[in-house]
């Protein structure tokens, strides 16, 4: 029998379908044709006559990911061709003790996250003013919403591994990691611009940039 926590995570996933931000589809479905060279706002559709049940199914989200990396984080996406044009996506996160999903933005989606295991500190920052941090520690079975376009993060504050499943209200939410984008852009944002923005010496900017 499926875990009740996973059930509620999937329930949140389906709830988000009603709040999807992508354009409404003009047909029952548009299963992604990943071999098509046609460039669209989404992916080209397979011939409906060739569509089968596996196009609407995915497996493996019950498997914990490898968190042996500097952030202590693993992210797995449910690869479901049938979600093309339906305005929703599904992810699994695994966190080592102390692991983080560093501050980032999804420019095209609201995210709803359900904790499967462990304890997660989560938070998002409101827009200016007043740049308020809204934060909470979640336990197994807890759910939290990150509004579209706002900086947010997660951190495992427990002594054991943690896991969560999240749904986003877009087929392609977009992912903008704050630190990587600011200090690892190509070409570089001028050091004097960042020095003035962060009110630090340019040597500090260059030191941080060397990490990315």
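Quick reminder: no glycine exception, Cβ is built from N, Cα and C everywhere.
Because TrEMBL annotations are produced automatically, they should be read as predictions rather than curated entries.
Straight from TrEMBL, the features:
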- 101, 106, 111: oxalate binding site (BINDING)
- 104, 106, 111, 152: Mn(2+) binding site (BINDING)
- 30-45: disulfide bond (DISULFID)
- 59-206: domain 'Cupin type-1' (DOMAIN)
- 1-20: signal peptide (SIGNAL)
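Note on proximity: among 30, 45, 152, the recorded positions of the record, the Cα nearest residue 101 (oxalate binding site) is that of 152. Within its own chain, residue 45 (disulfide bond) has 27, 30, 31, 32, 33, 84, 85 as residues 6 or more apart in sequence whose C-beta sits under 8 angstroms from its own. Secondary structure counts, DSSP: the domain 'Cupin type-1' (59-206) has 22 helix, 55 strand, 71 coil. Here the Cα atom of residue 106 (oxalate binding site) is found 9 Å from that of residue 152 (Mn(2+) binding site). Looking only at the binding-site residues 101, 104, the densest Cβ neighbourhood within 10 Å occurs at 101.
Mean model confidence of the domain 'Cupin type-1' (59-206) amounts to 96 (pLDDT, 0 to 100 scale).
Taking the mean position of the Cβ atoms of 101, 106, 111 as the oxalate site, the remaining same-chain residues with a Cβ inside 8 Å of that point are 104, 109, 113, 146, 152, 166, 168, 173, 175. Same-chain residues with CB within 8 A of the center of the 104, 106, 111, 152 CB atoms, the Mn(2+) site residues themselves not counted, are 105, 109, 124, 146, 150, 151, 173, 175. The Cβ of residue 111 (oxalate binding site) has 22 other Cβ atoms within 10 Å, all protein chains considered. Neighbour density for residue 152 (Mn(2+) binding site): within 10 A of its CB lie 23 other CB atoms from the protein chains shown.
For the pair residue 152 (Mn(2+) binding site) and residue 111 (oxalate binding site), the Cα-Cα distance reads 10 Å.
For the pair residue 104 (Mn(2+) binding site) and residue 111 (oxalate binding site), the C-alpha distance works out to 12 angstrom.
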